[in-house]
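J.: The domain 'Sm' annotation in Swiss-Prot covers 9-68, and the record cites sequence analysis as its basis. For 64-99, the entry in Swiss-Prot reads region 'Disordered'. The compositional bias 'Low complexity' feature in Swiss-Prot is assigned to 70-93.
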Amino acid sequence: MVKGQSLQDPFLNALRRERVPVSIYLVNGIKLQGQIESFDQFVILLKNTVSQMVYKHAISTVVPSRPVSHHSNNPGGSNNYHGSNTTAQQQSQEADDAE
């Protein structure tokens, strides 16, 4: 496994497994919403009313609608919690205001 994916894969897998609604912000500022249906090394399959294949290199931020826990590969198997943070919420609000 590539070292950079040791956090990414468990996080995306928890979002997929728990069917957590997510907002995905692209590097060009576009906001996509849906549930992660599947993913691999290069793409995320995002499902809403339709399925969209989103290339990871185009993604800036993935924001879950609620906190998600996943087990990391850290010694001792400690839990890591990820949820919406203030910066992501501000970005979301600014994007909504701009529309």
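From the backbone N, Cα and C atoms, a Cβ is placed for every residue, glycine too.
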J.: Mean pLDDT for the domain 'Sm' (9-68), rounded to an integer?
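T.: Over the domain 'Sm' (9-68), the predicted model scores a mean pLDDT of 97.
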J.: Going by DSSP assignments with H, G and I as helix and E and B as strand, what are the residue counts for the domain 'Sm' (9-68)?
T.: 12 helix, 32 strand, 16 coil
